[in-house]
Amino acid sequence: MIPGALWIITMAVIQSSGVPSLATDAQVQGGMDGAILGKHLSVVNCSDIKLSTLLRSYYSGTMEELDHVSDTHLRGRYRRHNFKKITNSFLLQEKVADALHSHPQQGDIGVESLIKKGIEEFVLRYMECPAIIPRCIWGAAPPRAPLTPLSPPLPYLYIHHTEIPSKPCLNLQMCSKKMRAMQHFHQKGRGWYDLGYSFAVGSDGYIYEGRGWMWVGAHTRGRNPVGYGVAFIGNYSTHLPSHYDMELVRHHLVKCGVSNGFLQENFTILGHRQVVATSCPGDSLYSEITTWEHYKYDTNPLRTSAVTDMT
């Protein structure tokens, strides 16, 4: 791992353990990128690579464009996945300990326990949890009224598709535009306080924050206080989201929710149609989630109309 990247990650580990540092999320992600790209450059012929082209390719390009690129893994949107491939908690602990011991001012009593705690938090936050685009980045309008707080951990996760917009979004700009359009429709068209979903999943490799982990949503009528609503952007009646996007929810988002105390360990996954009279989340996506761990077939569903609570 290159020294600059390691030192940024070391500062993030210290911060994760509860000790303040100056490492921001942007710097940490830059450190992870440095480690990933440094590893890549160490095993290829650098004379054949133009650095500006590599960086442009790494940080740009839509998912549609990547369909025609053989080296699709080397992209910023796969940062967390790629970082996990080149390191693990044991290696990180060893490298961070070496970095701290080479800077005596950081190596006070209890440094080993500090490192261990920091590594655990770092791995959860930057490697296990998915990257979630916050409201401020996609340009959310403020809620029209104060939202009701949730009382986590919650027992349910409800899967939706947006249907409209019907087409997947393939980059940050396109997904942000669709998030703003959905919020506008929910607030102005339906009179709700805010975007109804807890989270939305783009086809660009990211999850987008709606009402998030802490606020009651307006996604599953009659069930909003007891579960989170996660919507895949697009219409999935006849086809599925990408495997990568489904894995973000199926494994990473739920693990993050459980580990942080937002979801109960024995939480249940349900499709929107199981509790509301609707075709959501589409036949193909619903068929897929029936194979997921934590999915439960409701033998006695209490279905209500598809119009969600006005909150």
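Glycine too: its Cβ is placed from the backbone N, Cα and C atoms.
The domain 'Peptidoglycan recognition protein family' feature in TrEMBL is assigned to 130-276. Marked as domain 'N-acetylmuramoyl-L-alanine amidase' by TrEMBL: 142-282. Residues or ranges marked as signal peptide in TrEMBL: 1-18.
In the domain 'N-acetylmuramoyl-L-alanine amidase' (142-282), helix, strand and coil residues by DSSP number 41 helix, 32 strand, 68 coil. Residues belonging to the domain 'Peptidoglycan recognition protein family' (130-276) score a mean pLDDT of 97 in the model.
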